[in-house]
Amino acid sequence: MAFRDVLNIEVAAGNGGDGSMSFHRAKYMEKGGPDGGHGGRGGSIILRAIEGVESLERLVGRRKFKAENGRYGEGRLRQGADGQDTYIDVPVGTTAFDEDSGKVIADLVNVGQEKVIAKGGLGGRGNSTFTSSTRQAPRFAELGTPGQKRRVRLELRLIADVGLVGYPNAGKSSLLAALSRANPAIADYPFTTLSPILGVVQREDEQGVSLDERFTMADIPGIIEGASEGKGLGLEFLRHISRTRLLVYVLDVTRNPVEELQQLQAELRAYDPSLLDNVALVALNKVELVEPDLAQMVEDELAEQGLPVLQVSAKEGTGLNTLRETLFQLLPEFELWAQSNALEVEPDTVVDEALQIVFREDAPAKGEGAPERVWEVHGGGFEERIVRFSRYLEDAAEYLGNLFKRQGLYNALRRAGAREGDTVEIGTFRFEYFDDEE
């Protein structure tokens, strides 16, 4: 399967089911009471991290995801069924961004972790809810709300315990193959590895017997000078380094390893300065190609850079057991690492817009008389409430008027200068303003 670590998708949660406007019907009962049931909740879109998946490629053929609508309520107080949620299974290490706002809406760093990225609509209430001492037979019900829709950008930052970083042809793939069960492409030319490759490294005792301890190791494609600016494979794979718990700088002893280490650290610093805070060591590779005295001299020079240095030969197997055991000892505790490296997910709150009241004068219908005084109401959540009763506005007018009064709309209109008999307009709903305090 091809490797893909960025994907744009569209998600649409299910709409809430409408409440029912119904009255009890039975033999010998001419006027039964209201018995409309509530609508069901719309299904949500849920992102879920699963193991065994290391790419977003499996989602390419399906870019749009829709959850099930809630079912409408029915008579006899029967509530509509909730819509079924839709799960999108992604690799551990997937971050979801809202494309329009750029906000982080999910960051999944553990197997089984879930996050709702599009919330299902609310079910509407049936007419049985709206009875009162003065309203014993309400002929209206509440409609369900639309499900949330959004465009989402998925970015995968592979969560590997150890990340191998180095220049092309430094021997990272050979080292990964020698330490783990991975089978990367290996050749004597740069950029053999064109996507991150994961392998599992097993701990062994002194006799070479496998123990019940392991970690994952990632071969990050070769970095070149200017990678942080997009050169070579550039930014395409630098993001994966940010998810590793420990970095191993793989350096070729036959080149200029001190200079290459400094250049690698400069590229990481330019991309994300916090990467240099990771636990790290140097694997000085291909020592079989030089005299031991020269290899030791290079090791001493590298040690002056402040990192532990181990001489290894991926080809001959020299130093691999020491490197493996050192990595097990250096790896920080996973739970502490996960807590400190997860991105902060911004709360997905819905905030009503501030109330705005705008006055206008409309010409009289027949061109005679005084202009009609109209007060437009925007925000404050009032328009959304109108939409929920749009099918029953005439019958729900009294209920809505009392609701708006309790919520302070009449006081706001009075302060704005509304007079008795003026028209109030909220979306498509129009009613006459009545000031009962005059």
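Just so you know, glycine gets a Cβ as well, placed from its N, Cα and C.
Annotation comment: Swiss-Prot describes 1-159 as domain 'Obg'.
Residues or ranges marked as domain 'OBG-type G' in Swiss-Prot (evidence: sequence analysis): 160-332.
Per Swiss-Prot, the feature ATP binding site maps to 166-173, 191-195, 219-222, 285-288, 313-315; the stated evidence is sequence analysis. Secondary structure from DSSP puts Lys172 (ATP binding site) in a helix.
For Ser173 (Mg(2+) binding site), the count of additional Cβ atoms within 10 Å of its Cβ stands at 25 [all protein chains shown]. As annotated by Swiss-Prot, Mg(2+) binding site applies to Ser173, Thr193.
Within the model, the domain 'OCT' (357-435) carries an average pLDDT of 90. Under the heading domain 'OCT', Swiss-Prot lists 357-435.
A 10 Å cutoff on Cβ-Cβ distances gives Lys172 (ATP binding site) a total of 31 other Cβ atoms nearby, all chains included. In sequence order, Asn285, Lys286, Val287, Glu288, Gly319 are the residues near Ser313 (ATP binding site), counting only same-chain partners six or more apart with C-beta under 8 A. Each residue in the domain 'OCT' (357-435) gets a DSSP state, and the totals come to 32 helix, 21 strand, 26 coil. Using a 10 Å radius centred on the Cβ of Lys286 (ATP binding site) and all shown protein chains, the other Cβ atoms total 24.
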